[in-house]
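Trainee: After the structure tokens below, expect a handful of questions from me.
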């Protein structure tokens, strides 16, 4: 029943499909319903037509069969399966009829599909599958079916779509079936059917095969073929179900679905049952202790180890309750898991238990345990762990393989590695006698050790005995055999009698004899060899001992030792009895052998003798008995004399071998002998050692005559060993025959002498790094040079390709291997030592194939590709190292190139240049170059740079230590203060019209990456702006106007309506932004000015190194009428805007950066003279509160500004580091406690006890104070003491002021000594103050250094003390307590008989200490050379305090009687200061150069107008004016009025024709760039008038020590009309 | 990636190696987190340059899955191609997870960091998460109330070793990431990243078709 197979398969399918069908959703079904109803109609039609056709068919079998076939074209299986035989057909028809007649039955029965036995009707159904389609229904059946369907449909319509759809699920299948048949989707099927129809006789074998092998596309069609259901009702339902599933399967494309949700009924247990179940699962350990017997193993007895005297460490504390719980858990838990664990443990290690012998839980480490019990990471399987491969530096591969060479003809690549380990000299001119002796000893020892290690003597002895035994065995066999088989084998006897040699015997006998002969000769040979080896060993022994004695004597003689060699002689244990026995045995054996030999040779000798004798007799007979020619009578061969022979043997043995009883010696060469220190050696030896230490060895490697590498010279150790340890990889195209190495000696004078040359054969092709061992190769000097011998240790091996793992070696040369094989007498194929050879032996079978193998490479070697340089020398490595070290040039290098060639060289050249410059600057800073003063200045700058670099390095190292605040952002815990302020702010008066500025949250620098940093300046207002004088009116009398007080009244009516139109201009980094124009002398702008900050190239992190200056200038905008024709005045406006520089405020950027903001009212820097403006008109009406609060005599222009950065930047914190100090620990501790105590009591006051110097060491401040002589020129300049002081103050103030912050790129407060200060020509006010103080002390004044906080030059900290001009702020305008850090400053107090003066060292100005106004706000401490006094008075204002340091209540000294000052207080200052002489000629030249430069710049800036005419007369007049201005700064006698008069006088002629607007600038000489910037900020060049002319004058006033006061007067002139 | 290599300006393509990583920040297991979003950022050394792809990304807010795993799935794609001249500073992926706390404040839920895999192929990496601890119990309480828990000032500082010694952290959960890594020219330039090439493959690295470096096989 083959035919049933496909059907069974289908049944199975259906079974699977059916449950899936049920899960289709309801909606889906509804959608299908209508369709299925339509389709059921069409199905009925088809059935009708089919019935018609059936009727036409004949009743014969054949025709029926045909009709069936024809009819069911789409059901090949049925047609094929059932060759219609009557019975079957009848059965089927009956079945169907029954089914149809069953009423509710569908067209097919699911029972058949499900493979269940039929439950009724056709009893034959088990026998035959139900393959018939409903199309073959009988007429009656069809009628019933139709009516049934109709009834169903109507029912469906009534009951709703859902039900109907489910019931009529059968229809779509039919329709599909029909479309299949009619539409011809299954073409293959149709073809097949056609063929079948053509054949008529049934399928051919091919067709049958095809049928069974093909996968039909329409398997659902068979599902209709089902047997009739058993129970009609059930069958009906199932039929509809089947229909349902079929249609759904069609819709779903045969997909099987899983139920989306599964409803499981909640399992509710009674509480009791629940508890019972939980009891199984849960275990609640009780906290009750377990009795000890339970804790012990069965039958155990608790034993306290402590009682046994065993040390028991303290047990870790554990709460008893928890402990008991744990014990309970371990013991009583019903949980199988723990039990199993315990059991497992117990099984695996019998002794293991949770509890110790004392019944306590084990919780202490067991010292006896070899392996920890916890799971180690090493227990993890190997696969789970990542392998760690250490990084290795390998020779880089060739950059790029030539693209032209294809893979095919790419020559073979070889990679030869040479590892040069060491060179050891054994003879050299530098060798001392002792070295030579030691080398000899070493050589002997090496030979001896080789012999001993080889065990030659023993080995030969063993072999000797083995051969002897073999011989004896053969002999005894020969003796015994004849006794066993006496008659048969006469040959055996022959063997036996072989010694006697009287038998010729047969073949076997011959063999035996030959063997014995062989043995005998080999015994003889071995004996000789053994004796020779033993003799050599013994000789070596003797030589070693002799050499060692010689060496010892030598050392004693010369009185020192320069080699560490020492011979240790050990006596090895020996058994004398056994040795004697062996010795005797050996002697006996030898004697016996000699006897045998003698016997053997005796016959021959006898024969010879008899022959000789007969010859002799013949001769005697012929010649006569007494003839001279007769010769002596031949002697008969000597008889064997055992005694004599034995004596000989013994004597020889004693000479060669160690006789029994003599101690057995072993030698060890140690290098433990103390070497005499060089200092203790005699002169020649010292010289020799020096020569050795100078000597260096290097090795040159040559391949094919070309040098591949030359190792770095390595120094020779005193033992004349040079450790090279260098590896070299060479890429080759052909294997070289040998490698030539040259050992070179690098002489003292850069001369290289080749010591020796040696050749190393290239390694065998299987030698790789793993198998290669460094070997010593001896070399000796070639040529005429002094003799030198030595040994070189080197390893040669082939490289391994990383990727393929193949050895980059030439293919093994079979001929060479053959030659090697020939050398060996008999290579054993089984010997592993010969494996490589046998593996390489040409296989005879493969020989034919191997014919086309490439010929072995010719050893010509011009083909190496690259020599690998030492990676440490490569440019890239250097770059990476420098970057890692944070060298500024390299710190920001990204994408460091991979190859040396691509590393830009200019990167290094810049660095090198800097290094050289630094070293040059350090060597001789003061050499005068051709460039005049500028070169000296440059050298000073380089000195500064060097110090800067050093400090920066220190700082960077400190910054690497991050703090928690740097890492984690965390809110502060509100303390009482903050809470109080929060509530306080709620209660405070609300003033909406006076909004305070809110502090912005500043952010760390890292957050700013990628953001634009902006400078934000809010200019509020200005007071007391100079007003224009009526310059249009040509005055005739150039006298000074009336005094201010009178003029105010007098001029107020005369003043023009708009006296001045000021605006503020912000200049930073050459960018400019200006405010609007306000009117009048007291303008209000209230305007924000913003400028972008160009960050340093290194990014935000180096913001503090930005040393640009913010210029804020006050300017006057003037409208100049350009209309030439007065008639146009009414109709036209033609004006030009001109600007006049009035005053300026400069703030270094670092100040802003440190403080975060600069806020307040500042006095602007006004020039001493301003042409065309009235500066000193103070009382001009509307000065608000200012007028009243301005102290009398205060003049100047004030501006209220607020400058900050946007976004705000976090200030890097001060580095608090405990650095080394020159003070004692005790003193430091005292200083610290004193400072802390004072700070606690007086938080606002500034004290310093110890400060850092430039080397980073801290020192007591007192050490900085020491009288120092000022330059003689200054002392000589004035006779008046007061003038002298002023001049000195002026001198000190001229030294440029650079803050530590800027200079030392961090928060260090470093104090330089006066000499360093003068050398660097830069420092902040502490340095100025110290220098001034020291000068004053020299002058005999009582001077103190005053450290205090205040607003020396402005409200904020560093702000204005860094300003390069004389700046003063109005103290009254400052609002202390506005949250800004107050400036820390240093002053000098001179205590004179008449007056106490406070000197501002940065301006050179002095003020009386008693003056109610002082720019110093609070005094922190006074310092002189002996002590430090901290201010403990109620007030800190200088005007309010007493400066008498002896008053204990007012001043707290650092050193008291109880805590005295250190005995010696060596000053850090040099005794006298070195002042370099200022070259006045050079200064003059500098001034001219500066003037030229400034002119050039001015012309460049005026590019727009093309032409810059210079007014020479005016320039000359201004130049004459400048020295006077300089003098006025330190001569109080010259007043401002006098200056103005003088100027008016000088400019009288010019004023007649021009309107002059000019400004004098006074800049301490910092750099020319700074002056250029200052000039740019003046904005004089921005004069667009075509008629404008310019005047520029530069004056440099030289002071000693290259200090120069620079004055620049610049003016713009406009011709009067 | 060949196009990417061509687009990589500055360093010629032969002189650098390329690392292309595609992958995703798949999911997190973080107990107690109801809603969570994450932000990833990549941090490479000085010799690394992004050729294509985004250096940072932020995910949607995810809720834990409704099963026992309680997975918070993002599947946030990470696609980046680097070119580099030095394996030093191999890029690292830093994942920061945020989510609302009890009071609805957005707080940090965990930081995790991992190097991108060095070997070519598919990798699955589990990053342990941690958060900085408050410096004191009082601060802990305050930060819990205010919802301003301690955060890293700069998450990329995790990629460098600086300052690890000063902060204390508490571990939180895990983030799972999957990466598919392709490297190019690593072995040609002499770097061995532990992955041997199958015999017969040209070059050592997995490389795209057409991206061959002309190395004879």
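Quick reminder: no glycine exception, Cβ is built from N, Cα and C everywhere.
Because the structure is a prediction, the values reported are computed rather than measured.
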Trainee: TrEMBL tags one of A:482-515, A:516-549, A:550-583 as region 'Disordered' - which one?
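Mentor: Of A:482-515, A:516-549, A:550-583, TrEMBL gives region 'Disordered' for A:482-515.
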Trainee: Using TrEMBL as the reference, determine which range in A:222-246, A:247-271 is annotated region 'Disordered'.
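Mentor: Here TrEMBL associates region 'Disordered' with the stretch A:222-246.
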Trainee: May I ask you to indicate which of A:462-481, A:622-641, A:642-661, A:662-681 is given in TrEMBL as region 'Disordered'?
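Mentor: Of the candidate stretches, TrEMBL labels A:622-641 as region 'Disordered'.
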Trainee: What range among A:420-441, A:596-617, A:684-705 does TrEMBL describe as region 'Disordered'?
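Mentor: Result: A:596-617 is the stretch TrEMBL calls region 'Disordered'.
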Trainee: For the region 'Disordered' (A:596-617), what are the DSSP-based totals of helix, strand and coil residues?
Mentor: 22 helix, 0 strand, 0 coil
Trainee: The region 'Disordered' (A:286-307): which same-chain residues, six or more beyond its ends, come within Cβ distance under 8 Å?
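Mentor: Distal contacts: 320-321, 324-325, 327-328, 331-332, 353, 355-360.
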Trainee: For the region 'Disordered' (A:286-307), what does DSSP give as the number of helix, strand and coil residues?
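Mentor: DSSP classes over the region 'Disordered' (A:286-307) add up to 4 helix, 0 strand, 18 coil.
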Trainee: Is it possible to list how many residues within the region 'Disordered' (A:622-641) are helical, extended or coil according to DSSP?
Mentor: 5 helix, 0 strand, 15 coil
Trainee: Mind looking up the mean pLDDT for the domain 'C2' (A:992-1162) in the predicted model?
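Mentor: Across the domain 'C2' (A:992-1162), the average pLDDT comes out at 72.
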